[in-house]
Amino acid sequence: MAKAATPKTTAAAEAKPAAKAPAKKAAPKTTAAAKPAATKSGAPKAAAAGAIGHITQVIGAVVDVKFPEGQLPLILNALEVDNQGHRLVLEVAQHLGEDTVRTIAMDATEGLVRGQEARDTGEPIMVPVGVETLGRIMNVIGEPVDEAGPIKTKATRAIHQNAPEYIEQSTEAEILVTGIKVVDLLAPYAKGGKIGLFGGAGVGKTVLIMELINNVAKAHGGYSVFAGVGERTREGNDLYHEMIESGVNKLGGGEGSKAALVYGQMNEPPGARARVALSGLTVAENFRDQGQDVLFFVDNIFRFTQAGSEVSALLGRIPSAVGYQPTLATDMGAMQERITTTTKGSITSVQAIYVPADDLTDPAPATSFAHLDATTVLSRSIAEKGIYPAVDPLDSTSRMIDPKVVGEEHYAVARQVQSILQRYKALQDIIAILGMDELSEEDKLTVARARKIERFLSQPFFVAEVFTGSPGKLVDLADTIKGFKGLCAGDYDHLPEAAFYMVGSIEEALEKAKKLAAEAA
């Protein structure tokens, strides 16, 4: 942390010689400070829009702006600066003394100079909302970035909102069928719930979220909002074109489009990445308040936390555990509590959450666990076996796995599958040391079934067709339960393991077994 502080000190030291001339004017400032009454009477004026301040210091993404006495902008207000013909938005983060605010820039600060004018808009960052946003890509401040002209909507909404009141919230236990076997069977998603996809680098979070967009958003009649937070620009571009090709969106937006996209990718400054999730959520909240059932996808929530940590360090806050911001739980809670289902409409949210160094106890993923209804944990050890989606069947959890919600049969099959896999996991050390021959007959059977179940949990994805060459499969919940029930009961003990790998329903596994037998003969 000392390193980060050094440039700040040097910057301050360098700024001193430049400030020598105006230093004489310091006397009136002291007199102003000596008149607390004047400052207090000036406080109500603070909210007045249009106050003009001047930039006094620029350190990376942090910009200090000095305002006339009594015209200090409120915390979270947006300031506008004309940066060489480009509209730069700054968000007020701290009040320094009586007349200076410290702000976070929502875009690059190259080209800013001291003394430049900054105008207080008198309100937080406002983004366009409503059906006009469908089919369009916006950035954090609501500007279109898809080169399809301005977003023609009169309605705008502040990105900072309070969470719905307790009495407005609604809960109903209903499953959202995704067509992905491992998810629907072992950790089903709740309609109007919050779902987290946890995984390290390169285990398939984005592919899984894209598949969910494909399966759920296409079948779902309502609107979807996708917030790309600090992820690869290429993936955002691919998603945009994929949505147009599949008919979810029309080129350039307009009639027939069903998804709004809000992007703040890896190359953006931390201010934009820390706020873009809120901009996306604001668009989704507006649809919900109009009585819609909305799907809200976020890729990646970790980048929201990471950007918050960068901003926090720039603002000079003392870091907490592992260098994260001291307000980690507050930031996460303020956002997650807004993603909720009310009596007006619902938001079903799917969030990809990067797990640094595959450590689920890291404060960033650990903080988000508490807010979720279902967690899908992607495991590197399963991905290494070539089983995709690499969902860990024992680590993934869901509030919906309850016989009252999913029914007795589904519950019993899910628990049986997990107990077989758990037994296999316990036997793995013995197998590694002594080999299969030392196991009892019963354990040998358990291991054989567990290996088939493991393979049957894999499934070809529609969005991965271009890589794998095998067509995607959507499996009905009844077929999923039937297949795993038969596997646990031993109905398919005679089939080879390979027959269960990368197939949809159990019928396809039987077909594949016949093909394999024919090839072997």
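Here the Cβ of each residue, glycine as well, is placed from N, Cα and C on the backbone.
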- Per Swiss-Prot, the range holding region 'Disordered', considering 1-42, 337-378, 379-420: 1-42
- Query: Using the Cβ centroid of GLY199, GLY200, ALA201, GLY202, VAL203, GLY204, LYS205, THR206 as the reference point for the ATP site, which residues of the same chain not in that list have Cβ within 8 Å?
  - Reply: TYR354, LEU378, ALA383, ALA390
- Task: Tell me whether GLY204 (ATP binding site) sits in a helix, a strand or coil according to DSSP.
- Result: coil
- Look at the binding-site residues ALA201, VAL203 and tell me which residue has the greatest number of other C-beta atoms within 10 angstroms of its C-beta. VAL203
- Item | Sparsest Cβ surroundings (other CB atoms within 10 Å) among the binding-site residues GLY199, GLY200, GLY202, GLY204 | GLY202
- Note on the structure: Students should find that the Cβ of LYS205 (ATP binding site) has, within 10 Å, a number of other Cβ atoms equal to 27
